[in-house]
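Each remark here refers to the structure printed beneath this line.
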């Protein structure tokens, strides 16, 4: 029953976010701040992880291709497919659920605990619109983060493959271009867009409706990470089934 | 003036407010007092519109909150200022930005006009020197004064304060009490303070509402609180030896 209540409350929250709009000039400032906090500040970790994941995918693929009949260009092909289809959109989103999700839950949760949300409400401001809408708008740039992750991931794969001596540069590049299906990119960006909405709203829900003190803020952050990850994984499965099968 | 008629509030079947009838007078510092669990915070939140009552009405200058449409309720909220127990200042904003926030949200004033008003109220609470600091960089007493400045910057008709001097040293607490009292007089606003502090009661209590177990037990001003024979009130207000001596001295006309 509690889960049903939470799901219902989450969707009511989504509706209430768009109820009473904040003054556009104020909203604009908030959106730029959120772009900085959620997108720009996440670039470092996204680039770091993407680069090494790309490298690991290449090394593992290369080490498992023992059959001389299988062309080495398959390493580039596998790296491209894994990174575009799964590692960049899904793996990075799970990382972002930890980084961005925890930040959102703890910042909104702290505002709840310290009565800052009540202060907004007393002033006649729609606190959900003021706090959550800028995050949703900022996260619309999330597909851009994923495209950087793809680019850096493939760069990491190339460097690990070529510099590690697993594959020649031309073979890797040939594999990279083989059987390229542009819809796979569209699929990755559709997923990224849906994941962005999940990453902005689920942690906001956990922060906004939390009760208690500092300890509960920490617990809410953990719960938020778990649930955001679970919803991302389920959404990933459903979207893959809908878009690729 | 705020008029409360037969106010009831229940949570999960448990009745917290059990039919309160009272008035909060314009231009006076109205105090809500009572032991922990008496229903003070729930009452204050009902007055603010943060909690909807189960039954009864709250009238603001003759208009019942429950009869107003959402737009009118929002307009009424803009006439309210609130000082929270923990100040509730926005951490990411400087002192000046915190005070400017209501002006930014609800007025079409230019930045210079807004800054002028912010300087005016910061000067009133004697905090002009810290306008660029962040809440975490100033003391608890200063935070309370910033919260008062933010609450009055939009010239509210109603000012609500939830334990405004909790956690402050006695000297700063008196300073905050006097500041709220003076602002009430200067602007002729209806101020409602939720407090535990007996100094506040005896210092600025012009209309004291004593709650017990969700009911209005006693109402009066500081001049008659010494003479009351209401046992619940006297045991609450004069629970310490010091206040018992003060009462005795007052009754003896010392």
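For all residues, glycine too, the Cβ spot is worked out from N, Cα and C.
Sequence-distant contacts of the transmembrane segment (A:38-63) (same chain, six or more residues past either end, CB-CB distance under 8 Å): 72, 74-75, 78-79, 82-83, 87-88, 91-92, 95-96, 99-100, 103-104, 135, 138-139, 141-142, 144-145, 148-150, 152-161, 164, 166-167, 200. The transmembrane segment annotation in TrEMBL covers A:38-63 (among others).
Marked as transmembrane segment by TrEMBL: A:83-104 (among others).
Within its own chain, the transmembrane segment (A:140-168) is flanked in space by residues 35, 39, 42-43, 46-47, 49-59, 62-63, 72-73, 75-76, 79-80, 83-84, 87-89, 92, 96, 175-176, 188-189, 192-193, 195-196, 199, which lie at least six positions past its ends and keep a Cβ under 8 Å from the stretch. Summarising the annotation, TrEMBL assigns transmembrane segment to A:140-168 (among others).
Here TrEMBL flags A:180-205 (among others) as transmembrane segment.
Sequence-distant contacts of the transmembrane segment (A:225-244), counting only residues of its own chain at least 6 positions beyond either end whose CB sits under 8 Å from a CB of the stretch, comprise 89-90, 93-94, 97-98, 101-102, 105, 187, 190-191, 194-195, 198-199, 202-203, 206. Per TrEMBL, transmembrane segment is recorded for A:225-244 (among others).
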